[in-house]
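See below for the structure under consideration.
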Amino acid sequence: MTVTAPNPASATEAPKTGGSRLVDRVFKMRELAILIVFLVMIAVTQAGNSEFLSQQGIKDLLLNATILVLVATGQSLVVITRNVDLSVGSTLGITAFAAGTYLHGGGNPAVAIVLAVLLGVAFGLLNGLLVSLGQVPALVVTLGTLYIIRGIDSIWVGSRQITAADLPGSFVDFGSGGVWAVPYLALIALVVLVGTAYCLKNFSSGRELYALGSNPEAARLAGIPVRKRILAAYTFCGALAGLAGALYLARFGNVDSGTGNGYELTVVSAVVVGGVVFTGGSGSVYGAALGALLLTSINSVLPALGVSSVWVLAINGILLLLAIAVDRIVALRVASALKKRNARHA
Amino acid sequence: MPESLTRAVRWDTVVGALLIVVLLFSFGFVDGFGNALNLSFLIGNTLPIALIALPMTLLVVSGEIDLSVASTAGLSGAVMGALWNQGMAIETIIPLCLVLGAVCGLVNGLLVTRLGLPSLAVTIGTLAAYRGIAQIVLGSDAVTDFPSQYLDFAAGRVGDSFLPQAFLPFLVLLVLAVVALHATPFGRSLFAIGAGEEAARFAGIRVKRNKLILFTATGFMSALTGVFWALHYASARYDNATGLELSVVASVLLGGIDFDGGKGTLGGAIAGVFLLGTLQNVMSLLNVSAQSQIVVTGVLLVVSVLGPRAARQIAVARAGRRAAAARTPTATP
Amino acid sequence: GTTKKDVQNEGGAAATAGKADPNAATKKGLTVGFLPKQVNNPYFTTADNGGKKALQELGETYKEVGPSSATDTSGQVSYVNTLTQQQADAMAVSAQDPGALCTALKQAMKNGIKVVTYDSDTKPDCRNAFVSQASAEDLGRTEVQLLAQQIGYKGEIAILSAAQTATNQNTWIGYMKEELKDPKYKDIKLVKIAYGNDDAQTSFQQTQGLLQQYPNLKGIISPTTVGIKAAAQYLSGSKYKGKVKLTGLGTPNDMRKYVKNGTVEAFELWDPAKLGELAARTAVALASGQITGKEGETFKAGAMGSYTIGKDGVINLGKPTVFDAKNIDRFTF
Amino acid sequence: MTHPSDTGPAPVLALKDISKSFGAVRALRNVSLELFPGEVHALAGENGAGKSTLIKTLAGVHRPDAGQVLLDGEPVVFHGPKDARDAGIAVIYQEPTLFPDLSIAENIFMGRRPRRALGRIDHRATREATAGLMRRLGVDLDPDRPARGLSIADQQIVEIAKALSFDARVLIMDEPTAALTGSEVARLFGVVRTLRDQGAAVLFISHRLEEIFEICRRVTTLRDGAWIASELLDGMTEDDLVRRMVGRDLDELYPKQDVTPGEVALRVRRLTREGVFTDVSFEVRRGEIVGLAGLVGAGRTEVARAVFGIDRWDAGEVEVDGRKLTNGAPSTAMAAGLALVPEDRRAQGLVMDMSIERNIGLTGLRTTVKAGLMNRGAERSRSLDWAVKLQVKYARIADAVSTLSGGNQQKVVLAKWLATGPKVLIVDEPTRGIDVGTKAEVHRLLSHLAADGVAVLMISSDLPEVLGMADRVLVMHEGRLTAEIPRSDATEETVMAAATGRAA
Ligand SMILES: Nc1ncnc2c1ncn2[C@@H]1O[C@H](COP(=O)(O)OP(=O)(O)OP(=O)(O)O)[C@@H](O)[C@H]1O
Ligand SMILES: Nc1ncnc2c1ncn2[C@@H]1O[C@H](COP(=O)(O)OP(=O)(O)OP(=O)(O)O)[C@@H](O)[C@H]1O
Ligand SMILES: [Mg+2]
Ligand SMILES: [Mg+2]
């Protein structure tokens, strides 16, 4: 890599060298691989069942993905900082019920959504404070809060449930309505997603999340406010879980004490499939969103192809393995190509 | 953080002490706790978690995790049921199931070591895949008619004592695991791998092979648990032991095993397992609702990580004050 | 080795013993424990509250324990053990698994505790009596009849069930298939049975899948309260609303909105409160020695009238109620 | 505390009577230091003397237990590295602190990147500024390349670029040259001189005394955490400085004993790893020390890794004592009597959270075994033995190696490998970050080992060390062996010529 003779010309043009383009491509490719798997899957399904991509079909696909996309977006921020939030499922459940109770009492839908988000923020803050101030392993703490929030939820909710009948019609219609085949909920998720991705790329605080996930000790030495950033990531994650809770209510019109149970594994799967690395520092929210889209679509594709539901779980698992394995193999190939190129260069 | 101070407040000993306190309290003040029947139930219901916690502890010490354990247990139970329905002899079926479990573990291990994939991601995948295969194998059947001598062994007690018969084999396995982790070069190398994988490789430790062994052992033990589960509850269904992985992980964490790898003791992990099991039993006897039990579990987990840290900070502060007071020169060997 | 054949020759043990005294006085102050599949489940809460009311009327003590997850079989087993330890006089159990609870339930019966199953049965020798929500045959056949009327005895239909292992669902589906063999249904074709695992989201996606795979689908039967609710919610927000008919088992509170907005014409259910009440009264009758669980025994269940025990200790609650736009507002559960 | 004060300008940054303890270890005791603008100040001391701790105190990483930090004569309290940075202090830490997932440009400008409207990052400006810095340092590193996979030397370059980018009033450098070769050091010094002439105060740490004499004007010496002297370097000799550091006179620096080489112990034939090194063949005999020289990135480390089995080779073969080694199997290499002291001690040499005892014990897992179980007594005595032999400075053998100073950590790595009693010892940068006293000991040790019949292959970027120690010098250039120079012919000129590819 390092040559002793100065070479100003090549240094100025560095941004345009083959190396950087290749690197760029590698990073784009990680998401591209998932996108291709997704498109192939959709194409195959469409070939097998022409109803699949009808207006209703597209709408269903998008709606199914919406909630997971939101939660996965928040989760990937936390994972990028080398942490994890397992309590998102519990948060989603309790915020959905809170919003439902409020609406049941004749509340305003917009206020209900804000309420859910605020409640999510509160739980996110709790997680963030425990992790960043206590400086304890996130996995344990958020597994703990997963249980705590779920327990509080079950004690509070008991056997009550919110059904569509308890909700204002406008709210339920909002949950299933949309512009042509694009549901309102999906639009919300898209806005959140694009906004988050933009901030991550273009604001210092966003890049600092990557930095502190990449090397926490170095982040401290570089003067990055580590605790503040981790707190912010958890809070954002909680907020999105809350928003997802409200949208869950709108979408399914049905919430009880079991809502969101076991959701953490799905979210973590989506994030991992989307190429966000668990040891922190790399990955993108677009990847996580694609991962979410892929996972939820598998669940629509298999029934649409008439695959017996007995097979669904196994196929789901194997596809997940395939996705991460293919991603890894591509990454390895590219890395070795990069290395050889470097060697020739040196 | 100096290691000497870290070790001064060892969480695993705290968990052990806590377990003893809870047991003493329960024997003294909780109706129906101390009799042989209840104790045998308590131990019998905790055994599956304890069985899987043994290899899981070793795995976590080496810096990996296996979330597919419950699915492997479910799969081995399902296969056991399906083969039994085919009319195969149980003496053949059980070894087959154990081998199958080992193969499941091996698959996890190969994906992790050969492709270098994160074990969390791999085993979330096989968590779904193995459970799915179990569903394909056994479908909606529930097989219950296993031979009674096997069922009796899995559910029975040693004479009239509180010890389930299955506890004795577990003790043997426990001793094996403790020796393997804490007294053999293999165990020592696991700690090294967990704390610094690259350095371990440079020290000539066969990192991949060791991890492969661990994953395979975990699969084997999960299958053993699956067989035990099906016999203990006299029911082989594809969804046996669903969600057991979280209980195992929670117990092991409670026992002070660090998920970053390289730290922890088996004693702590097993104390964690039985502490959670005992608490649940006691809370049920005291009519604490299932919901409140969940909250207690969660609070325990949070305390289990915050507690040692707070204690350590206090210890450090105290040591600092002592050092400031007594200005002795640095010790050298 | 030991194979399935050897075991079949062993023969099962009888559960019930002793002699019934129909005129024995109803004992007071008995403790009856309700153990639903899942606490916090609205359906079971309604049922258990029915039991609670009856018990209070009779001067007995009611208590409810149970796991917080409907698939936590080992949790349910330990609650059976808890009730045994607490020396309840009788327990009413809705079994998550027909086999898994057997050891524990037999243990309970050995300790003199009367065991009634309700809603979901175990193997007959593991309990004294089973209170069935309606005869399985009635339920299966009437659901087909309901849907057939709605779609004019013509077209493709599908079933959206709960978990593949759900015993009661599978029995009902068996009778649905029986009923469909009748020549009057010759133009109806059952194209698929999908499983939504009693999970709102899965049921939702399974419904979508059914509609995409079978564009000519005319009707769906969902014999589970979770499934029918999810299917109704999907249909009401899709272009299929009113075109694809939906029926099955649901609660009036859940379904009110969909009946009113035209998504669902009619569905049915028994009254869960009545189911709980009958379970409670059966438990008390057993504990008072008025019945033992043998076929042909008769007992009085307060205002509900007199019930006779059928084959295998099964007691049928009666015919289910059909709900439609005209009568739904009269029910609130 | 009394120490010489200049009549020149007032100090920009000063420490007064600073003390700092870690638990029972008292790393600094009443240390004072003054940094003047336009002057390069050296900090000297043995390993573990407290140099890095002092720097971390200046940089706001550690809070002193007692004493004051004075900025422009005013007492200040730095609550974190950010406070120090805002006060115009730039620091290069001893261990690189890079973000492996981020690009070089981002690494350099993390936390203070050029902005556009609304606080958005200006990616283009960042990249261009980075390219400018690289030009100033005369290296060709792609600003967009992620930091992961950079060699130690390149990491150090990025660290230097980062510190330069601050345009700081005070520049603090903790062993910046440890991983660099001559030409890079020369270039770095050029940049440092420019900064100094522009009025910056520079604090410089190095265990290479000639570097201190080359660039510094004043030196402060520490011993065992205590301040010894602050004085002008003018008129001092290396021996004076060493005496201040060590407290006694030192033996000869490169005590190479003459031995007659025995039979071949390590034979490498036509070893090739595609894209990394090609057709490397050499032999090392018993009793011989062979130096492997080359510029940074020449592929020396890669050859060592492949020989030891960390990486697989694509073609060729390796023999130890006539036994062919399996490709990619360190355990068989060890069994054959091969030992490798790797260049990156933190990642490769040590398990940082493990105790000194266990780290040394790690290479003895096969030998300290009784009936398949660990023999703890044997393990402890083996570890203690070697820790004492190499004079590792520690409080308790059960302490984590992460609490040791850099040089002492390096000694633990050496101890760990010498304890295996190797036939062939490959050492990769064995004295990087080691103080002069220990360096002499390491050299004596290597020399004794060779005399006892061990074959030693020594990779080093420290040319005087290679010339002083080696019986023969192999030189690599761009992945190929370009020269083999016997001790008698080896000079800086011949070796450098081969290393830069100028020799035919
Ligand atoms: N975080 C820490 N915890 C405990 N002890 C520490 C810590 N950091 C440093 N020490 C101890 O403080 C003393 C001084 O260490 P320091 O790193 O400052 O030495 P140094 O002069 O930089 O040595 P070297 O030349 O080897 O880098 C050593 O005894 C070291 O073991
Ligand atoms: N960890 C690594 N990952 C990927 N590539 C590496 C790594 N370390 C070094 N390289 C590359 O391998 C080549 C040679 O390695 P290296 O720089 O270690 O050689 P060297 O001659 O041993 O130099 P030195 O020991 O002075 O650092 C270089 O092109 C370097 O960029
Ligand atoms: Mg230092
Ligand atoms: Mg090197």
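Every residue gets a Cβ built from N, Cα and C, even glycine.
Listed in TrEMBL for this protein:
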TRANSMEM  B:12-30  transmembrane segment
TRANSMEM  B:36-60  transmembrane segment
TRANSMEM  B:67-87  transmembrane segment
TRANSMEM  B:93-113  transmembrane segment
TRANSMEM  B:120-138  transmembrane segment
TRANSMEM  B:166-191  transmembrane segment
TRANSMEM  B:212-235  transmembrane segment
TRANSMEM  B:266-286  transmembrane segment
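In this chain, the transmembrane segment (B:36-60) does not touch the transmembrane segment (B:93-113); fewer than three CB pairs sit within less than 8 A of each other, excluding pairs fewer than 6 residues apart. Looking at which of B:36-60, B:212-235, B:266-286 has the most CB pairs under 8 Å to the transmembrane segment (B:12-30), the answer is the stretch B:266-286. Sequence-distant contacts of the transmembrane segment (B:36-60) (same chain, six or more residues past either end, CB-CB distance under 8 Å): 66, 69-70, 73, 155, 157, 160-164, 166-167, 170, 173-174, 177, 180-181, 187, 190, 194, 214-215, 217-218, 220-222, 224-225, 228-229, 232, 241, 244, 247-249, 251-252, 255, 257-259, 261, 264, 266, 269-270, 272-274, 276-278, 281, 285. Between the transmembrane segment (B:166-191) and the stretches B:67-87, B:120-138, B:212-235, B:266-286, it is B:266-286 that has the most C-beta pairs under 8 angstroms.
Away from its own ends, the transmembrane segment (B:266-286) comes close to residues 10-13, 15-16, 18-19, 22-23, 25-26, 30-33, 38, 41-43, 45-46, 49-50, 53-54, 56-58, 174, 177-178, 181-182, 247-248, 250-257, 292-293, 296-297, 300, 304 of its chain (Cβ-Cβ under 8 Å, at least six residues beyond either end).
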